[in-house]
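For reference, the structure discussed in these notes is given below.
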Ligand SMILES: O=P(O)(O)OC[C@H]1O[C@@](CO)(OP(=O)(O)O)[C@@H](O)[C@@H]1O
């Protein structure tokens, strides 16, 4: 788990700040989804964040109550729900105090002023900043979509037949509607998200980290979409095992560029798509035959290898043995002399990730290290693993964000290419000059779920 706590994290000032993001909203308004997205985004930026879902505390004693448990007349139900909230808050405090937590997300309906006042007081007592995030949604279609999602994913309904589950859940919503109070407490810090992506109301945002969370929330939308990621085709530098540079594509790299439109045609269909490349020749040449509007981003350029740019791994190991080892020991944080680390790449990718959240269908043609960072964001890959992931050449990765996971498909062009992957602690010297072997790519589409 990424854990940079207090201090300055890549330009994000989190000194001594502890924030409790308190979700507010009726059931089926996407609160848990928003909570998870906040945690994933902050973790990717190395800000230690965790969601506390009150429902899972309640389930410890009441695994599958029916809708009546949530009715206002049910005092025992009310007490048990309050006890679950208290247990979640107690764990959250423990996490802040003993584990160095920075942002907690309290995921529950928190639907009354009284409950919110109680949470605000708890936070005040300990010097935590409470930031309420209310999800208001009146789009019947979206609510129904969420109800269906809950019915299939919530442990509350795991043994119930689907139709009964939907009816019960709708009844539960009615009970909450009877007591629900939208946020009007102007002394609180809050963000009101109305029909995710269409209107945002903010009140009393206090500091930089809070404003980053607000900015992230403002860019979210829940329209269905996919993201296609591809490395550039094999380059002349890839062939000779050299890193960095601005080389042209090899003959096989050009063949990949030729084949790319056909490889993704069916998967894209008639969707409107924008294509992003880096400013380096190998990505621009790879995108050449794709018939979509194109945008070049400097921020998508490959990790800058500084003084090692243009060298092979073997040459780096010979010239800079300590650096070579240091990079293997902590690849995420190692910064090339005069160049960048993976952590630096994540920082410069942040505005690009924001744009990805804001946009719909996008294809990105970029580089090995950059794809690892983007992939890590969508698939929640921890920092010790992300720089070591294999991202082969001549392969398109399609990511489709779903409510609680991201679906992944891979399309293989079936055009051989060198492998640029070097495993941890393998000496480039021992292997002789890096002689990337040919990787055989498969013709089939492989589908995986996260
Ligand atoms: O972090 P490592 O595993 O070295 O991977 C990054 C390297 O990948 C390479 C290829 O070896 O990227 P690219 O996709 O741009 O060709 C190098 O240019 C770059 O330094």
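Cβ atoms are placed via backbone N, Cα and C, with glycine included.
The domain '6-phosphofructo-2-kinase' annotation in TrEMBL covers 13-224.
Taking Cβ-Cβ distances under 8 Å and a sequence separation of 6 or more, the neighbours of residue 237 (substrate binding site) in its chain are 243, 244, 245, 247, 310. In the three-state DSSP classification, residue 237 (substrate binding site) falls within a helix. Feature annotation from TrEMBL assigns substrate binding site to 231, 232, 233, 234, 235, 236, 237, 238, 282.
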Over the domain '6-phosphofructo-2-kinase' (13-224), what is the model's average pLDDT? 92
Around the recorded substrate site, report the further residues of that chain (criterion: Cβ within 8 Å of the mean position of the Cβ atoms of 231, 232, 233, 234, 235, 236, 237, 238, 282; site residues excluded), sequence-ordered. 239, 247, 249, 250, 253, 286, 393
Of all C-alpha pairs drawn from the substrate-binding set 231, 232, 233, 234, 235, 236, 237, 238, 282, the farthest apart lie at a distance in Å of 14
Other C-beta atoms that fall within 10 angstroms of the C-beta of residue 231 (substrate binding site): 29
In three-state DSSP terms, the structure that residue 231 (substrate binding site) belongs to: strand
